[in-house]
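Undergrad: So Swiss-Prot has the following annotated:
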- 1-104: region 'N-domain' (REGION)
- Asp34, Asp86, Glu158, Glu160: Mg(2+) 1 binding site (BINDING)
- Arg47, Arg70, Glu158, Gly229, Asp231: DNA binding site (BINDING)
- 103-123: region 'Disordered' (REGION)
- 122-251: region 'I-domain' (REGION)
- Asp179, Asp181, Asp231: Mg(2+) 2 binding site (BINDING)
- 334-342: region 'Interaction with PCNA' (REGION)
Amino acid sequence: MGIHDLSKVIADKAPDAIKETEIKNLFDRKVAIDASMSIYQFLIAIRSEGSNLVNEAGEATSHLSGLFYRTIRMVNHGIKPLYVFDGKPPTMKSGELLKRGARRKEAQANLEEATEQGDTEQMEKFSRRLVHVTREHNEQCRQLLTLMGIPFIIAPTEAEAQCAELVKGGKVFATATEDMDALTFGTTVLLRHMTFSEARKMPIQEFRLQKGGLEMSMEEFIDMCILLGCDYCDSIKGIGRQKAYQLIKEHKNIETVLKHLDPKKYVIPEDWHFAEARELFLRPDVTPAAECEFKWTTPDIDGLVKFMCQENGFAEDRIRKSAEKLVKARKGGQQGRLDSFFTAIPSGSAKRNTVGLLPKPGPPPFLF
């Protein structure tokens, strides 16, 4: 789920923190990509003729196709992608996972009803809701990335948190995901729509809260996100995005908010673990950036052909030509960014770490 309506809050209250950009503007950037989110997008992608990509055994292969071609597209534009896979979900996410399971059961029942009625539009709708990324999908994608020479890491828990750690530690320029909670975990640059197909014509959205925005401390921002609704605890019914923003701007933290809420109007969730959720965002279980080492290597063309064509039924001529493009792009992507030759000069001093003002001391914003 990420953070409910956070993108709308930022668009409304801090529009300067969002800009639209093109993939060509990310030349020579290292980007940490939320692998599970990308794989999910590839799995639900339906071909124009309405059928999923499958191999001879009838197993879906759209995730392999999407990962292969979108990654090559990024490399062709000089981007150095690093995929980050989810590890074990945090214990606090168990409630959200149970809700997702219940929604899938409901979708299955609705799909069966739509199938009986021959309603193709509803069938497609509920089929998408049944899609989830499996261990096998992840293993296949990691095998493909290895053959492509593209690095990946497996996070201890949440991929978004690990991506944010890599950004904060100066290992990569940005986090690429559709989940806005990457900002709540502290990434300074968030890219949305990064792995969307060109056919969707969706510009990449770049979020940089430190470049103009909400004027909240990180702790205040996290508490606002919890009020908006996150994966780790319930939210207060009746508090929408405007109210959540207003309450935190006025009271600074959830503890003080609760002292001023009308109990007749707002019902606080029973056993509401907002403090634990806050701690999870502030200090997530991640591998320290300094301990993360990865490199981009030469693609194994013959290995790619064997895996993609012989094992998964893709056309050899297309795979081989694309793999050769990948090799060429890797060799040609050596020129650095112009701004990598300059050092950002900090302006003034900050009294506290604020979202929308200055980040904590760390690496300069232009590293790659």
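Using N, Cα and C of the backbone, Cβ positions are placed for all residues, glycine too.
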Undergrad: Let me make sure I understand the structure: which of the binding-site residues listed (Glu158, Asp179) has the fewest other Cβ atoms within 10 A of its Cβ?
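TA: Counting other Cβ atoms within 10 Å of each of the binding-site residues Glu158, Asp179 gives the minimum at Asp179.
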Undergrad: Consider the binding-site residues Arg70, Asp181, Gly229 and say which one has the Cα lying nearest the Cα of Asp86 (Mg(2+) 1 binding site).
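TA: Minimum Cα distance from Asp86 (Mg(2+) 1 binding site) across Arg70, Asp181, Gly229 lands on Asp181.
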Undergrad: Which binding-site residues are spatial neighbours of Asp179 (Mg(2+) 2 binding site) here, meaning Cα within 10 Å, out of Asp34, Glu158, Glu160, Asp231?
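TA: Candidates kept after distance check: Asp34, Glu160.
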Undergrad: Under a three-state reduction of DSSP output, how is Asp181 (Mg(2+) 2 binding site) classified: helix, strand, or coil?
TA: helix
Undergrad: Looking at the binding-site residues Arg70, Gly229, Asp231, whose Cα is closest in space to that of Glu158 (Mg(2+) 1 binding site)?
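TA: When the Cα distances are compared, Asp231 comes out closest.
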Undergrad: Using a 10 Å radius around its CB, how many other CB atoms surround Asp231 (DNA binding site)?
TA: 22
Undergrad: Per-residue pLDDT averaged over the region 'Interaction with PCNA' (334-342) comes to what?
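TA: Mean model confidence (pLDDT) across the region 'Interaction with PCNA' (334-342) is 45.
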Undergrad: How do the residues of the region 'I-domain' (122-251) split into helix, strand and coil according to DSSP?
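TA: Going by DSSP assignments, the region 'I-domain' (122-251) contains 64 helix, 15 strand, 51 coil.
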Undergrad: Taking only the binding-site residues Asp34, Glu160, Asp181, which one has a CA atom nearest to the CA atom of Gly229 (DNA binding site)?
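TA: Smallest Cα separation from Gly229 (DNA binding site) among Asp34, Glu160, Asp181: Asp181.
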Undergrad: List the residues in the vicinity of the Mg(2+) 1 site, defined as same-chain residues other than Asp34, Asp86, Glu158, Glu160 with C-beta within 8 angstroms of the site's C-beta centre.
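TA: Everything else in range on the chain: Ser36, Met37, Val84, Ala155, Thr157, Ala159, Ala161, Gln162, Cys163, Thr177, Asp179, Ala182.
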Undergrad: Tell me whether Asp86 (Mg(2+) 1 binding site) sits in a helix, a strand or coil according to DSSP.
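TA: The three-state answer is coil.
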Undergrad: Consider the binding-site residues Arg70, Asp181, Asp231 and say which one has the Cα lying nearest the Cα of Glu160 (Mg(2+) 1 binding site).
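TA: Among Arg70, Asp181, Asp231, Asp181.
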Undergrad: Across all chains shown, how many C-beta atoms besides its own are within 10 angstroms of the C-beta of Glu160 (Mg(2+) 1 binding site)?
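TA: I get 30 for this one.
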Undergrad: Go through the binding-site residues Asp34, Arg70, Asp231 and tell me which ones have a CA within 10 A of the CA of Asp181 (Mg(2+) 2 binding site).
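TA: If one measures from the Cα of Asp181 (Mg(2+) 2 binding site), the binding-site residues that come within 10 Å are Asp231.
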